[in-house]
Structures are given as structure tokens and as C-alpha cells.
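Enquirer: Taken from TrEMBL, the feature signal peptide covers 1-22. Annotated active site, nucleophile per TrEMBL: Thr226, in sequence order. Per TrEMBL, substrate binding site is recorded for Arg254, Val255, Gly256, Asp257, Thr277, Gly278, Asp279, Gly280. Here TrEMBL flags 391-411 as region 'Disordered'.
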Amino acid sequence: MARKTVALLSVIPLLGVSFTEARNFVPVVINTWPFTEATSTAWQALEQGKASLDAVEEGCERCEQLQCDGTVGFGGSPDEDGQTTLDAMIMNGTSMEVGAVCDLQDVKEAVLTARLVMQHTHHSMLAGLAAANFAVQMGLTPANLTTDASSRLHADWQANKCQPNFWKNVDPDPSTSCGPYKPNSMQSSVSAMQHTRHQQSKDGAQGVAQAVTTGRPQISRYSHDTISMVALDAQGNVAAASSSNGATHKVPGRVGDACVAGGGAYAETGVGGCGSTGDGDIHLRFLPCFQVVENLRQTHWGVPVHPEAACESAIRRILRVYPEYVGALVAVDSLGRHGAAAHGWNFSYSVRTTEMDKVEVIEIAPLKTHPSPEDDNERLCFAAHCCQSGAADTRNHSPRPSDPSASLLPN
Ligand SMILES: *[C@@H]1O[C@H](CO)[C@@H](O)[C@H](O)[C@H]1NC(C)=O
Ligand SMILES: *[C@@H]1O[C@H](CO)[C@@H](O)[C@H](O)[C@H]1NC(C)=O
Ligand SMILES: *[C@@H]1O[C@H](CO)[C@@H](O)[C@H](O)[C@H]1NC(C)=O
């Protein structure tokens with residue numbers, strides 16, 4: 001496949017060079033979705049010699065201004081009260097500092113506020129109205145995040161009996177009625193809830209998966225996406241950021257993964273970085289971007305694990321419990337290699353490297369939920385970059401996993 005060939009060619013000159021030996025870093029910017037203006041903005045920052053941290057901030061900020069897909073910035077994804085609230089984070093992969101704002105109201109510049117949290121406090125995260133007060137104190141201007149478009153979306157949802165929504169186990173029946181809701185009769189007392197929790201832990205993952213996958217709103221690019229961006233600068237510093245207005249028709253107060261390190265994004269200089277998009281409620285349970293960076297730390301047959309394999313492994317861990325998971329992960333490593341994996345939707349990401357004369361958009365087909373042993377063998381082979389000429393030979397001799405779920409990384 002073309003995508004794999006590119007990845008292969010880009011790694012050949014680097015084979016045998018360990019992370020610590022690599023001195024000349026090739027700048028890269030990568031972000032979720034075809035938000036190419038954001039990628040260009042970040043790339044220009046790198047070209048001007050700015051740090052990767054500035055690049056990801058400026059890139060995500062561009063998407064907030066453009067209201068990318070209506071899911072980033074003001075005037076999108078109204079909650080059940082019709083309000084738009086913003087989640088964002090930024091991470092310096094050299095110092096491991098994080099700045100984040102969750103449930104930000106009345107201020108448009110979410111990722112900038114996150115940066116201000118990092119720069120002017122010893123904290124990592126601020127939330128809600130107090131976060132907005134902080135932003136104003138730091139010099140930002142209060143703004144109305146509601147637009148005519150978001151008001152209309154909210155009014156249409158109310159007219160449609162508040163469908164879809166994110167409630168479960170409540171009365172009246174959330175699949176046919178609007179709230180206000182109360183815990184339903186089966187679960188209304190604390191002791192019943194405690195019983196349910198006990199039962200769920202006995203049922204294990206399967207019980208939880210069933211509870212979660214029934215009756216949830218469909219996750220689509222226009223209800224659940226996020227800009228999540230990773231950059232590597234010429235000094236080798238990795239930084240990541242993400243910004244989102246969350247899930248459309250969310251329960252007020254809901255916070256997503258876009259403001260949580262390891263959920264929305266993660267970065268570690270010398271290793272790599274990751275960004276996510278999709279079901280943020282699930283991402284908050286697995287912190288897949290933290291796992292991707294841990295995966296990138298590993299080597300396979302002496303070669304650092306490829307970002308695509310690192311992403312796939314993190315998604316497979318989610319799929320063991322939530323086979324209907326919808327989302328995607330993108331990653332860059334310190335060698336400048338990039339890749340992504342997705343499940344449940346066709347995904348694309350934007351990337352710019354020194355080898356490209358403009359931002360490129362790379363399409364990613366969703367992973368199969370249950371890969372066959374042949375698919376698994378292919379993945380093992382790919383991870384080791386043996387799939388080009390002579391690949392068949394290596395593939396035939398590659399250790400074949402006896403269990404299809406046994407992949408190159410513990411997922
Ligand atoms: C990131 O952290 C490193 C290490 O503390 C620091 O030297 C660098 O200035 C930070 N980057 C930015 C852009 O602030
Ligand atoms: C915010 O803008 C919306 C849409 O234009 C408008 O309906 C609403 O009254 C405004 N809210 C405030 C507090 O100005
Ligand atoms: C992805 O795109 C292909 C080709 O357009 C289509 O057949 C497939 O159903 C799509 N998959 C998903 C999960 O949307």
C-alpha cells in the first residue's frame with residue numbers, strides 16, 4: 001500500500017540510528033482530520049523557527065477561529081441547555097508541563113487559555129466559570145459562544161424530543177422523552193446502585209460494554225471530532241495540543257478527553273506524541289494517547305515501533321471491551337515518522353514534513369474489529385518494515401501469532 005511504502009522509505013536512512021544518536025530532527029506537524037489550514041499555520045510557525053509548543057498552539061487556535069467542522073471553537077456542539085463549552089489542553093513534551101481548561105464558558109480562546117494556565121500557574125487544569133474568570137484576568141475578552149447556528153441546532157433537538165441524548169437508567173424514558181430525568185425505579189436507591197456496581201464488577205468487562213453500547217447517540221465526525229495536533233521541531237522538542245467543543249447534546253457539565261493529558265493528546269520529547277478524536281468518554285477510560293507514547297518507546301526487532309502500529313495497539317485495547325468504539329489516533333515519533341489508526345469510521349489526517357511542498361491529507365480505512373491471523377501477520381511484518389521487496393520471504397518466516405489477539409504489542 002502506498003501509505004506503507006512512504007513510511008518504509010522514510011525509515012530506511014534511520015535504521016540503526018537510535019533515538020539518542022539522532023541529532024538532526026526533521027520537523028513534522030500532524031493533526032486529526034483534513035483541517036489543513038490549522039496544519040499550515042503550525043507549519044509556518046515551525047518554519048519561522050518557533051518551538052513545537054507554539055506551533056501546536058497556533059494551529060489549534062486557527063481551528064477555533066475557523067470553527068472547524070462546527071466541533072472546535074465557539075458556536076458548535078450545544079449541550080442540553082443550548083450552551084457551547086470548550087475543552088482544550090497543551091503539553092510541552094520536554095518539561096512534561098500540561099495546561100488545560102475544561103468546560104470553559106464565555107471565552108473563545110480555549111487552547112490559548114490552556115497555554116496561560118501552563119505559563120502563569122503551577123496548576124495543570126482549570127474548569128468551568130472560574131476558568132473563564134482566569135482567562136479574563138489574563139487579558140482575554142469575554143464572548144458569547146452561542147451563534148444562530150448553535151441555537152437552531154439546540155431548538156431542532158428539543159423539537160425532536162431531545163433525541164439523541166446521553167442518558168441511561170432514568171425516568172422518563174430518555175429514548176422517547178426530554179428531561180428533567182430522575183434515576184429510574186430499578187436504580188433509584190443508593191443500595192440498588194451499589195448492588196448494580198457489584199453486579200457489574202462480577203459481570204466484568206462484558207457487562208459494562210453492553211451497558212454502554214446500547215442506546216448511545218451515534219458518533220459521527222460532526223458530533224464528536226476534535227482537533228488534536230502533534231509537532232516535532234528542529235530541536236527535537238515534541239509538543240501536543242487539542243481543542244474541542246465536546247459532544248453535541250452532551251449533559252451540561254460533561255468534560256471530554258480534549259482537556260485531559262493522555263486522553264486528547266500526549267507528548268514526550270525523545271519518544272513522540274499522539275492526538276485523538278472520537279468517543280471522548282471512552283478515551284477518558286483508557287488514556288489511549290498515553291499508551292501510544294508508551295508503545296513508541298518500545299522496539300521491535302531492533303526498530304522503534306512505528307506510529308501506525310502504536311496507534312493500532314492502543315485502539316485494539318479499547319476494542320477488547322468496546323467493540324463498537326468509534327475513534328482515531330494519530331502519532332509522530334522522534335524520528336519524524338507518522339501514522340494513524342481508526343475504528344468505526346473512515347478517518348483522515350493532515351500532515352506536513354520537509355519532504356512535502358504542501359500539507360497532505362492521508363486517508364485511513366477503519367481497522368477490522370476482529371483481524372484474521374493473516375491480518376495480524378501483516379501487521380507484525382509492517383511494524384518491522386519488511387513488507388517491501390523480499391517481504392514475502394520475511395513474512396513467511398515471521399513468527400505467526402498463535403492467538404489472533406496476540407499482536408506485536410500487548411494491547
Ligand atoms: C518546554 O520545556 C522546556 C524544558 O523545561 C523549556 O526549556 C522550553 O522553553 C519549553 N518550551 C516552551 C516553548 O516554553
Ligand atoms: C448570544 O448570541 C445568541 C445568538 O446570536 C443570542 O440569541 C443570545 O441572546 C446572545 N446571548 C447574550 C447573553 O448576549
Ligand atoms: C468507508 O468508506 C468506504 C468506501 O467509501 C465505505 O464502503 C465504508 O462503508 C466506509 N466505512 C465506514 C465505517 O464508514
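Just so it is clear, glycine is given a Cβ too, placed from its N, Cα and C backbone atoms.
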Enquirer: Would you give the longest CA-CA distance, in whole angstrom, between residues of Arg254, Val255, Gly256, Asp257, Thr277, Gly278, Asp279, Gly280, the set recorded as binding substrate?
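Expert: So the maximum pairwise Cα distance among the substrate binders is 16 Å.
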Enquirer: Let me know the most crowded of the binding-site residues, choosing from Asp257, Asp279 and counting other Cβ atoms within 10 Å.
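Expert: The largest 10 Å Cβ neighbour count belongs to Asp257.
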Enquirer: On a C-alpha basis, identify the one among Arg254, Gly256, Asp257, Thr277, Gly278 that is nearest to Thr226 (active site, nucleophile); the candidates are the binding-site residues.
Expert: Thr277
Enquirer: Which recorded positions, if any, among Thr226, Gly256, Thr277, Gly278, Asp279, Gly280 have a Cβ under 6 Å from ligand 3, given in order along the chain?
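Expert: Within range of ligand 3: none.
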Enquirer: Looking only at DSSP and grouping its letters into three states, which state does Gly278 (substrate binding site) belong to?
Expert: strand
Enquirer: What kind of secondary structure is Asp257 (substrate binding site) part of, going by DSSP in three states?
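Expert: Looking at the DSSP assignment, Asp257 (substrate binding site) belongs to a helix.
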Enquirer: Any same-chain residues 6+ apart from Arg254 (substrate binding site) with CB under 8 Å of its CB? Would you list them in sequence order, or say none?
Expert: Asp79, Asp103, Phe166, Gly246, Ala247
